[in-house]
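Below is one structure; the comments refer to it alone.
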Amino acid sequence: MWHEARKHERKLRGMMVDYKKRAERRREYYEKIKKDPAQFLQVHGRACKVHLDSAVALAAESPVNMMPWQGDTNNMIDRFDVRAHLDHIPDYTPPLLTTISPEQESDERKCNYERYRGLVQNDFAGISEEQCLYQIYIDELYGGLQRPSEDEKKKLAEKKASIGYTYEDSTVAEVEKVTEKPEEEESPAEEESNSDEDEVIPDIDVEVDVDELNQEQVADLNKQATTYGMADGDFVRMLRKDKEEAEAIKHAKALEEEKAMYSGRRSRRQRREFREKRLRGRKISPPSYARRDSPTYDPYKRSPSESSSESRSRSRSPTPGREEKITFITSFGGSDEEAAAAAAAAAASGAATGKPPAPPQPGGPAPGRNASARRRSSTSSSSSSASRTSSSRSRSSSSSRSRRGGGYYRSGRHARSRSRSWSRSRSRSRRYSRSRSRGRRHSGGGSRDGHRYSRSPARRGGYGPRRRSRSRSRSGDRYRRGGRGPRHHSSSRSSWSLSPSRSRSLTRSRSPSLSRSRSLSRSRSQSHSPSPPREKLSRPAASPAVGEKLKKTEPAAGKETGAAKPKLTPQEKLKLRMQKALNRQFKADKKAAQEKMIQQEHERQEREDELRAMARKIRMKERERREKEREEWERQYSRQSRSPSPRYSREYSSSRRRSRSRSRSPHYRH
């Protein structure tokens, strides 16, 4: 049922479209053949009898029924004529004092212009009345001549003549010839030679082109018009007015035709072309959100460690300002000389980057280590609270020149320093991190970063660390272990990276206090026990200084994030929304284009595979056909020829069998 309804609806729609197209074609046809109605007006006169009966007609035309009119025997009329009762026709004598208003006078002059303008033009052109009447007669018989084309008009305009007519009794041999157009009035219309026929406006007679007349011709034309009841200067002024009106009507009609042309279902493309043509010369201004500049925000304060580490983590190459001189640790005792050297290195780095060195904090890391922490390639965990609300997994890839300087904590319990990002501790700040680092590390005590964890040396007697994180380190050189001296628990296990190392970390955080941040946290904390069982128990209280730092930075970071969100105006919100929509659309278009390219490539591959398979089939069929022909030929040849010796026939048959098996083997099929 639904299919029948759809079929009927399609049929009706097709009929409606056909009717519309037919109506448009009919309208175009009538517009094409439309002409001036005055051209179809014809007056025919012929002699006819008043009385159909011949006897009555003879009696009526006999001189007996004729009588002189008003006693004049030269003027005989029928006695049954009504004019016989007009005994006297008085002459009209206008009054001497006639009061005519200016409006009536102007109307009378306009009427005289409409009545006699054809005669004025004929008098100006020097054309007699007989020539005009004969031309009208020719036009009534054969119709008006076709309008000249544009090229002919230009040629004739150069010769100062539009269309030349030859009259039988024409004796006018002037250069100026006339163009003609039939009039609606009884007066004949003939024009001057330099007048151009108006093609579009049929209501206005063919006018003299007043723009091409000089002053003498204008004065002569006005003088000719004064004899027909017009004031001096009226004729040329009214001609100009008629020309302006004709141009206005022509323009309006062209606009109407253009609108009619670009209407309907079939001309959407034409309407679009017309719109593009109209907008081609117009300068289109960009939209408001694209015209305005980006809004500028007041700078807000951030912690120096956050800003510096964030800027460092985004750059993949070391900036020239941060390329520093590499210093090597020569003593591991945490002596005063080492602290002084670390402070000097921090001052040098601060002078290089234009920032003052950070003062050493009690209970925190040593000054040398604090200076080296600012040179690391990613955000430290103390500055990670700015991105505390992000819930996505972050990957940061950074390549920077990093090294670790300074000494370690001097621990009274002889515990080695461990990373705070312990993946299996049961504290609230648990993080699971995976890191993959590539590069060369030449270390004196084993390579280790913030995502590599090593057990205490109680289990291992040397410096080689055992990693509990899932990390793979590919290095051109093997890790060279240092000398195993006496049990020196405060010795350093730090390493230097002489080449920029790329590391990717996937950090998962389960606690709300520590965020998922784009960082390779390399901070270290003190542990209170070297043995693994004591480690797990003492892990929550392992780093009191870092915990205090985190507690202090949490509210500060909250304030910063609160202050870092300026209120957006509706225009800026709209701009952001528009930019997001544009980015989304651009990504969708790009994705669609890629999918289309992939699909086209897939189709091309399928076509190639099909062609290859068809070629393979054709070759196989050709090979089979050749083998059949060869077998037929061999069979016929063996019948016709004499049978050879048994030894020869045996060798021949074996060679044939061997060649046939080779040809049929799949290795030879392509």
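Cβ atoms are placed via backbone N, Cα and C, with glycine included.
Listed in Swiss-Prot for this protein:
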COILED    581-643  coiled coil
COMPBIAS  182-214  compositional bias 'Acidic residues'
COMPBIAS  265-283  compositional bias 'Basic residues'
COMPBIAS  290-313  compositional bias 'Basic and acidic residues'
COMPBIAS  340-355  compositional bias 'Low complexity'
COMPBIAS  356-365  compositional bias 'Pro residues'
COMPBIAS  378-400  compositional bias 'Low complexity'
COMPBIAS  411-443  compositional bias 'Basic residues'
COMPBIAS  481-491  compositional bias 'Basic residues'
COMPBIAS  492-529  compositional bias 'Low complexity'
COMPBIAS  586-613  compositional bias 'Basic and acidic residues'
COMPBIAS  621-637  compositional bias 'Basic and acidic residues'
COMPBIAS  655-670  compositional bias 'Basic residues'
MOD_RES   SER101  phosphoserine
MOD_RES   SER285  phosphoserine
MOD_RES   SER294  phosphoserine
MOD_RES   THR327  phosphothreonine
MOD_RES   SER331  phosphoserine
MOD_RES   SER335  phosphoserine
MOD_RES   SER543  phosphoserine
MOD_RES   THR569  phosphothreonine
REGION    171-232  region 'Disordered'
REGION    258-670  region 'Disordered'
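Here the modified residues are SER101, THR327, THR569, and the one ringed by the most other CB atoms within 10 angstroms is THR327.
DSSP states for the compositional bias 'Basic and acidic residues' (586-613), grouped as helix (H, G, I), strand (E, B) and coil, give 28 helix, 0 strand, 0 coil. Each residue contributes its Cα atom, and for THR327 (phosphothreonine) and SER101 (phosphoserine) those atoms are 116 Å apart. Looking only at the coiled coil (581-643), the predicted model's pLDDT averages out at 92. SER101 (phosphoserine) sits 71 Å from THR569 (phosphothreonine), counting Cα to Cα. Look at SER101 (phosphoserine): DSSP puts it in coil.
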